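Asks: Before anything else, here's the structure in question.
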Amino acid sequence: MSEVLNVVPVIPLRDVVIYPSMTLPLNVGRKKSIEAVKQASNSYNNYILLATQKNGSSSGDVVDNIYDIGTLAKVVQIMKLPDGSLKIIVEGIAKRLVAKYESIDGCIYANLDSLHIDDNYDPSQIDKELKAILLSITDSLKKFVDISGKVSKESLATLINTEEPHKFIYEISTILNTEIAKKQKILEATDIKNKALLLLSCLYEELEILELEAKIKDRVKSQVDKNQREYYLNEQVKAIYKELGEADEESEVTALKSRIEATKMSKEAKEKCLKELKKLKAMPPSSSESAVSRNYIETILSLPWGKKAKVKKDINLAEKVLEKDHYGIKKVKERILEHLAVQIKRDTNAKAPILCLVGPPGVGKTSIGQSIARATGREYVRMALGGVRDESEIRGHRRTYIGSMPGQIIQKIIKSKTENPLFLLDEIDKISSDFRGDPSAALLEVLDPEQNSTFNDHYLEIDYDLSKVMFVATANSLDIDPALRDRLEIIHLSGYTEIEKQAIAKQYLVPKALENNGLTKNEINFTPKATLDIIRYYTREAGVRNLQQKIDGVCRKAVKNLLKDPEHGKVSITQNNLEDYLGVHQFDYGIKNAKPKVGQVTGLAWTSVGGELLTIEALAMPGKGKVKYTGSLGDVMKESIDAAFSVVRSISKDYKLEDDFYEKKDIHIHVPEGATPKDGPSAGIAMTTALVSVYTNKPVRNDIAMTGEVTLRGDVLAIGGLKEKLLAALRGGIKEVLIPKQNVKNLADVDKEILEKLEITPVNSIKEVLERVF
């Protein structure tokens, strides 16, 4: 090399060391390395430094991760690949010491040290000791090639005949799987003896590993041969036993027979198992039929024959568990306690009705089932019936089908490991049927106390007693097959009121959210008004599932703020900062009218998510007595308007109206929020009041709301959903509520807090209503 180079571009190498005198191809993909090749070609007469990275997997600064000694090489050929990378052929020239690496304009450069460290071949250096080391290397290399087979005989002969020791050492180092750090030490070594000893050490390590691998392979091969020999001998023994007509008392069959005899299964089940075991003996162990028989016997043995959980008979404990786990729903808890009390009082084998908890989503139907299990000490198993269409999900598949298995009922019983678990049939109203059968028909036998003592699963083909199981079903609606519904005792769970939701949030939801998000009471606090605003403005549901999600959302944001600002202190969630956590209000609720108006009446409506104020508007215009009603009204509500007209005409003289008053004006009745369908008879008295107000031109009090159905005789009939309607009235700022006198008995279900803040006026007739509203 005639040129004297002080600075050259650098290609950092990963997991490879390139030695002088080597010519080999390299794939170049990194941007800095591609730039180094370009600079070498354009400005450095194709000279480049090939230096190895200390850590090939590091993604940090490459400049600080390169060895100080590398190989100066010349780029012989450059090829561009389609993906933008390069393939180059380099020829190693000499090893050089680097004084400093620098990264300039996307390329790494090496400032070469003036110290000359080239490996020059001097025959006088080869003494007896070096010759002995080189001979040991040659012998070890031959062993290495014999075991690994990495190098052909021709290449080995060429390698052994290499005269120059440096080149000989470098060539051998290249074919070894030695660590990169050790290969780098071989490059850096200046003394030829040290270089040779380093290589010999690497060779010995490689030989030791290869010999160990060979021993392991031999051991595995001998074990496989032994297993094959044992299998062959076992098959011969079986054939001899078969020829002699003697039973092959295999350990597995013997163990199965012992288990069958020891299990307290029914007589029918034991006979079936022994019959199947006899068939299993005559089958080859490797046949698919033997696997089917074995699985069948194991399934029957895994059933909890005679194993029962000790049922707790403490009704006070059951009451405490239900009170602790669920707020409110007093009637539901009372009915469940009555059911448990009867079971405790009567014989445990007595047939009990099947409970079915019906209510909207999120009111706690499934968790009530879990609480009953805890209160009674039974194991809890749950089967989700939503979307089940196949009868085999309940009864199982017959064994003639490949991959057959028991139905979910039997599988869950096996999982519970007891004969008397609490079995929750979740979402029983979501069952549907198709060409594969009707699952609800299969459930008839399961849920009938008169029949489930002999439940027959298609897979088992034997009767299994389910009478000890306590079944509880849940549903969102009563849209259940009539025959199936007839076997259930329905318990209705209504939606929670705002007051109940506030209490549930305080006692259950907020503590749960704090625990789930790693918070403590000292780090965050929800004010009662903030909780109420979450209920009113961010959720609209009968249950509390969305409320839990919103509270979780607030907690997550609070955790983020606390981590970003540890000095922030305790987070307090109030009405004023709630929008910072949950955004703008998502829902609104009805409030009373700003002032009394003619023809505008506040009614009360019940929805699946609670009560609502229902504004009813009536407008009179000159005309010929036509009536128009808008607001997505249902047939029942339209008929209620017609009835109201008749009532108004019948009492017209009381308000000094002319006989033909209704023929001179057209009436338009509208119920706002026209996109929302509305129906039902409970707005009858409100409709009548609106019409009287229009015809007499008298404004209706804005602080009064009413609910009740009206008859043609002017009588006021009872309505439903009174509790929810009164809460909506209180929330909307109403002072007085007119209710049917027949509904006075329902006030016992209403919270005292609501009754104390509202003036409840029972009415019998429309005349009593009209006396209060003007």
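Cβ atoms here come from the backbone N, Cα and C positions, even for glycine.
I grabbed these lines from Swiss-Prot:
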| type | residues | note |
| --- | --- | --- |
| DOMAIN | 8-207 | domain 'Lon N-terminal' |
| BINDING | Gly359, Pro360, Pro361, Gly362, Val363, Gly364, Lys365, Thr366 | ATP binding site |
| DOMAIN | 595-774 | domain 'Lon proteolytic' |
| ACT_SITE | Ser682 | active site |
| ACT_SITE | Lys725 | active site |
Asks: For the binding-site residues Gly359, Pro360, Pro361, Gly362, Gly364, which one has the sparsest Cβ surroundings, going by other Cβ atoms within 10 Å?
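Replies: Among the binding-site residues Gly359, Pro360, Pro361, Gly362, Gly364, the sparsest Cβ neighbourhood within 10 Å belongs to Pro361.
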Asks: List nothing but the one residue from Thr366, Ser682 whose Cβ has the fewest other Cβ atoms within 10 Å; the candidates are the recorded positions.
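Replies: Comparing Cβ neighbours within 10 Å for the recorded positions Thr366, Ser682, Thr366 has the fewest.
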Asks: Which residues does Lys725 (active site) neighbour through Cβ under 8 Å, counting only same-chain ones at least six apart?
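Replies: Spatial neighbours, sequence-distant, of Lys725 (active site): Leu604, Ala605, Trp606, Gly611, Thr707, Ile719, Val737.
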Asks: Relative to the Cα of Ser682 (active site), which of the binding-site residues Pro360, Lys365, Thr366 has the closest Cα?
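Replies: When the Cα distances are compared, Pro360 comes out closest.
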Asks: Check each residue in the chain of Lys365 (ATP binding site) that is at least six apart in sequence and keep those whose C-beta is under 8 Å from its C-beta; list them in sequence order.
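Replies: Leu357, Val358, Gly359, Thr474, Ala475, Leu493 - these are the non-local Cβ neighbours of Lys365 (ATP binding site), listed in sequence order.
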Asks: Which secondary structure state does DSSP assign to Pro361 (ATP binding site), in the simple three-class scheme?
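Replies: Where Pro361 (ATP binding site) sits, the three-state DSSP reduction gives coil.
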Asks: Tell me the Cβ neighbour count for Val363 (ATP binding site), meaning other Cβ atoms within 10 Å of its Cβ, over all protein chains shown.
Replies: 26
Asks: Taking the centroid of the Cβ atoms of Gly359, Pro360, Pro361, Gly362, Val363, Gly364, Lys365, Thr366 as the ATP site, which other residues of that chain lie with their Cβ within 8 Å of it, listed in sequence order?
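Replies: These residues sit around the ATP site: Leu357, Thr474, Asn476, Leu493, Ala542, Gly543, Arg545.
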Asks: For Lys725 (active site), which of the three DSSP-derived states applies: helix, strand, or coil?
Replies: helix
Asks: I want to verify one value. Collapsing DSSP to three states, which class is Ser682 (active site)?
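Replies: Looking at the DSSP assignment, Ser682 (active site) belongs to neither helix nor strand, so coil.
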